[in-house]
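Lifted from Swiss-Prot, the feature list:
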- 1-20: region 'Disordered' (REGION)
- 1-24: topological domain 'Cytoplasmic' (TOPO_DOM)
- 25-43: transmembrane segment (TRANSMEM)
- 44-594: topological domain 'Vacuolar' (TOPO_DOM)
- Asn123: N-linked glycosylation site (CARBOHYD)
- Asn447: N-linked glycosylation site (CARBOHYD)
- 475-497: region 'Disordered' (REGION)
- 475-492: compositional bias 'Basic residues' (COMPBIAS)
Amino acid sequence: MAAEEGRRLQMKNGEGVGRSGRPRWALWIAALMAGALWWTVHSDAVALMSKACGKDAATTPRAARALRGRFLHITDIHPDPLYVEGSSIAGACHGDPARDASDRAGRFGDAMGGCDAPMDLMNYTLAWVATHLRDEIDFVVWTGDNARHDNDRRQPRTAEQILHMNAQVADQFYELFQQQRDGDTMQGVPVVPSLGNNDVFPHNMFSLGPTLMTRQLQRIWAKFIPEEQRQAFEHDTSFFVEVIPDRLAVISFNTLYFFKSNPLVDNCNDKAQPGHALLLWLGSVLEEMRARNMKVWLSGHVPPIPKNFEGSCYNKLAWWTYEYRDVIIGGLYGHMNVDHFYPADGKAAKKSIKRRGKARTKERNTQEQPLDILDDSVDNLFSGRGAMPLRKEKYMRRLFKDVYCPIAKRLEDKGKQEQSYERYSMVHVAASVIPTFNPGFRVWEYNLTGIDNAVAPAPWTRLVRRAQQILSPLRKKKHGPDRTLPPKKPKHLAAGPGHIPQALTPIRFTQYYADLAEINKDYARELEAGRSHDEAAAAAFRYKIEYTSEDEPYPMESLLVRDYVKLASKLTEDRTAWKTYVRRAFVSSGYRDN
């Protein structure tokens, strides 16, 4: 107790220590030094950024694209320019001779091998999407991690490499999706990126801006960020895009400000914390979206699940999603590589905060929460495991026991089922492109009834001004209500598209995957038949449908919150359904815990 009291007193004077045990001033210096490294970049990286920051697509009037009622969610590519086909998988696929055939790195990677994605895997994936999906989707949600892991001590990552690769991947996404096509008369497909924990240096550590790092990211992503939001982005690396003007937006928020593995984050209660500022920004955006009768998808890299986020950050965000269930459709995230859903209980989060005196305490939130992600270490800047899956079956068993089983028990009370549905919001965690398992991504379909894409977007002047005031470090902090807590949803507002069938309600999805074992065999067979390497790759590489939301053994009528809550309950009762769910969670790779 004395030690904790001393820590609180030190924090009051700005001299606290982070959870790594290092002095807080040392952590801030480390962050500043990392930012300085990002400023000193190779001329090639600068050239990439200059290319990326050329003509702003938003400055030229263009015809609206016909809506298709579909969008793409893709995440965690982790391209590795050091990857060498045929080298040792045990050596991170970085050029060491393979010990035997089982240790030989395939051209497109090997599921569960632990290596990052070959550049060919990224390039062929995007080429496949361009051929088969690009003209059939309305927007792209792209949730981060665009650099390799720091999994090779002989070749540690540098800030320059991370910056260069982020710029390169951003260019590819822009040219594939958002750049004007059809003679510069037709709008491209909007792309909404978000920041991953491996997109920063050192990984996981990221402070509130403006910093050299946030400015560099703004330059790289300028073509994706609406011009009026770019100044605020330099503070919180968060923004939103009207993917359907005046009807639907995607909010990209920086989950690293809530992330337990960020040593600069302690909670979301103290005004000096980055998560506190981000919640103020998010609240203002949601308030304006409600005023305009718009709906939103939340998106970010790290999924908001307990112990993935700091306790107060998780509870506050879950409460916001509950009180804004008329606005928020759901959340789209990456990071964990496991294809699954997590129902966030907003009412439970609200009760937890109220029990703690409306979150005004400065003590660390030590509430026991289920589902520690098990994978991240605050202190280890070196990520020795890389893409290797670890204890994922154990994670799924805990998801079953700690989350899905209590839902099933709650649904036993037939009289309270409707209330049980509305208390939840859905956290959708996506499969990744990196071959932690097999590469995968998802195409969502949604209701287009009554939606017109030809509406001109209205200006966001009031909201932008408000956001700048919130994030300004010079703004005088006034005492008053805690605005990181949401207001109660007005009773006259019905629940939104995530809960009640209406325009923009998600109705089905298709999960695509690349079976790497099959692809690598076909590639070898094509080479043996005398084809060139590129001809063999073109013939062998493909994505195919792994499953859809309508497939047995647990077909879903639609993708409302109630459908997911019912599915969580069904999975606890039907052994066949659960086994299929776990197999799909690991992207049909056959993964088992060692």
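Note that Cβ sites are derived from N, Cα and C of the backbone, with glycine treated the same way.
Source: prediction; values computed, not measured.
Under the DSSP three-state reduction, Asn123 (N-linked glycosylation site) is assigned to helix. Taking the C-alpha positions, the distance from Asn447 (N-linked glycosylation site) to Asn123 (N-linked glycosylation site) comes to 31 Å. Computed over the topological domain 'Cytoplasmic' (1-24), the whole-number mean pLDDT of the model equals 39. Around Asn123 (N-linked glycosylation site), the same-chain residues six or more apart in sequence whose CB sits under 8 Å from its CB are Gln172, listed in sequence order.
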